[in-house]
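Residues or ranges marked as domain 'J' in TrEMBL: 379-449. The repeat 'TPR' annotation in TrEMBL covers 26-59, 94-127, 208-241, 254-287, 326-359.
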Amino acid sequence: MAAVDIDVLLDTEPQIHNQDDLERQAEGFKEQGNAFYSKKDYSEAFNYYTKAIDACPTNASYYGNRAATLMMLCRFREALEDSQQSVRLNDCFMKGHLREGKCHLSLGNAMAANRCFQKVLEMEPSNQEAQQEKKNATALLEYERMAEFGFEKRDFRKVVYCMDRALALASACHRFKILKSECLALLGRYPEAQSVASDILRMDSTNADALYVRGLCLYYEDCIDKAVQFFVQALRMAPDHEKARLACRNAKALKSKKEEGNQAFKNNNYEAAYQLYTEALKIDPNNIKTNAKLYCNRATAGAKLNKLNQAIEDCTSAIKLDDTYIKAYLRRAQCYMDTEQYEEAVRDYEKVYQTEKTSDHKHLLKMAQLELKKSKRKDYYKVLGVGKNATDDEIKKAYRKRALMHHPDRHSAATPEVQKEEEKKFKEVGEAFTVLSDPKKKMRYDNGHDLDDDGSFDGGDFDANNIFRAFFGGHGGGFSFDSSQDSGPGNFFFQFG
């Protein structure tokens, strides 16, 4: 037995000795860790605190120190574990509770953070750091509440504002980052939204929320096939992800309906295309870029159906959604041209040419400017009541009809006001015939040139009666006139041959 006791003594004494050595060694590692921490070399500090923990795993302060280092390295989840372990080992370790609260706060767990800071204040009511952090936790809860309300009201700018404030307090909270990036996507700020989601995916490639937001950005940028791939991947990671499921369904439906409309248009079935684009526009009002294209497509189909005013409205809707959409400006400008709204057409073509200075766009702008200039002159075709492609015979017949209709002698019994108006119209009819019956003048007029630039036409010296006499007097079997008995307008009469 004595031998056994001696063995025991011999066996136990080195153990006690080794334990003391380990504790001293652990303290040495801790001191080295502290030195590196003060130099802001947190990676080396982490290594030495880890060695201290390995040597003495029951010391709360070692976990607390390593938690502080991990916090400086922004590794808050690991820091939270160390902080929690420190207070499990020593519930009175105030710094451990404070660090646990800070980790919870950084990770966006305001309620848990609040409990930790309250624990510190129970131990030390005057602790100013705990008091301030408790206020921060309360503020974080308020930002969360405001953001939730804003999202329900679709006030996405407010949500982004709240999340920016929340992330200033909870920089490591993926949930806040995801909500911010989702709202940025809904606001059309895709590069910012993608940047946030991509940062999260670099740290956690299986994050279903980040995968969903990445897909949402692609979906809203009209990259529907790629978007579907991200939605499917998000659903693999989280099969009950309702937002990803809905977005995936909408993306597939939108793509299908748009393609059906495009095919109908290619087949010249414009009514069907118009209806399909209308149905596609109802699928997802939030998809700004795709809906802008759908409005423009429907405008194109509408123009083919001669629904020009509706086509203009659709182009305007497309531009409201995407004010950089050149195709919509071009389509609307053409509709304005077709409806003779030349000032509006010029405005749209100017916008296009300022954006893309191509020769084609310059030509379109010049044509619109020419038509605008022409529209501000007297419309001689309209004066005679003929189309712009009228033949010489049609122009002559029109002149004969209008000249007789508005000749002053025909209205000699009318009031002075009516006589004056008919005289004016009679003169305009003569002007119109003078220009449109002369090939050179007609060509210059049609090309938008000013007829008096070359002195070939002077409206001020124009005498409509001379044209009338020349036209009717030289027409053998048509109308003639005789004013030899009296030069007064009351005695003017027509003779039919």
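Any Cβ shown, glycine's included, is placed from N, Cα and C.
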Cβ pairs under 8 Å only, please: of the recorded stretches 94-127, 208-241, 326-359, which one is richest in them relative to the repeat 'TPR' (254-287)?
208-241
Using DSSP, tally how many residues of the repeat 'TPR' (254-287) sit in helix, strand and coil.
25 helix, 0 strand, 9 coil
Restricting to the repeat 'TPR' (326-359), what is the model's mean pLDDT?
96
Mind checking how the repeat 'TPR' (326-359) divides into helix, strand and coil residues in DSSP?
28 helix, 0 strand, 6 coil
